[in-house]
Amino acid sequence: MPIAHSGCLDPENFKEFKLVKRQQLSHNVAKFTFELPTPTSALGLPIGQHISCRGKDSQGEEVIKPYTPTTLDSDVGYFELVIKMYPQGRMSHHFRELRVGDYLAVKGPKGQFRYQPGEVRAFGMIAGGSGITPMFQVARAILENPKDTTNVHLIYANVTYEDILLKEELDSLAAKYPGRFKVYYVLNQPPEVWDGGVGFVSKEMIQTHCPAPAPDIRVLRCGPPPMNKAMTGHLDALGYSPDMQFQF
């Protein structure tokens, strides 16, 4: 099988991709599958980078928002977006209205994250809500690369159990790569029987579940702004220097 040519994205201009499948995952989350020009095409997205998607809100105004696909360039012929649709979200409206056969305008790649396999010994990851998508993409790319031995330690926070995105996929990565990938779920409103963390992500949780500060580790953050701010405070207090931290 020949390696796919350079990707299908243009960083300067929006390109249209056709929606070929839409799968409802919960009352407000759906997985959208978009077709690439040929069955061997790769999207052309470096690890940890995202795309800009353009749509219209309920008022017909143009909206542009960043999203990280849950697929990698090893998934040829298509790419997928797992989208949580919020009642008031302007781009959420566009995705709610999107039907199979419709086209989505996309440009990219975008983002500051650069990664070379073996660059760090371990990643800590602290994600909240939809902030899981770049973490999932990076974790998958590392674990599925036989030449990459980096360990990945993920703390993933949500309000309720139902809010956990990609849980099946994360659990199957943890089962498939038990020595290398660990995930610790934290819920603000946990169910009665729950063995994960409770409340907000604390300094103690980070100490227990993330690699300790060292020159060869990095901690990645992605969540709502108040969470990112709180996590930065925790990480600074625990002795993680700015160059050990990265925020998507």
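Just so it is clear, glycine is given a Cβ too, placed from its N, Cα and C backbone atoms.
The domain 'FAD-binding FR-type' feature in TrEMBL is assigned to 12-116. The annotation FAD binding site is assigned in TrEMBL to Pro66, Tyr67, Val82, Lys84, Met91, Ser92, Thr133.
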- line: Quick note, Lys84 (FAD binding site): same-chain residues at least 6 apart with CB under 8 Å of its CB -> Asn28, Val29, Ser92, Gly129, Ser130, Leu165
Message: If you pair up every Cα among Pro66, Tyr67, Val82, Lys84, Met91, Ser92, Thr133, the residues annotated as binding FAD, what's the maximum separation in angstrom, rounded to an integer?
response: 17
Task: Could you break down the residues of the domain 'FAD-binding FR-type' (12-116) into DSSP helix, strand and coil, giving a count for each?
output: 8 helix, 47 strand, 50 coil
- request: Using all protein chains in view, find how many other C-beta atoms are within 10 Å of the C-beta of Pro66 (FAD binding site).
  value: 16
- line: Across all protein chains shown, the one of the binding-site residues Ser92, Thr133 with the most other Cβ atoms within 10 Å of its Cβ is Thr133
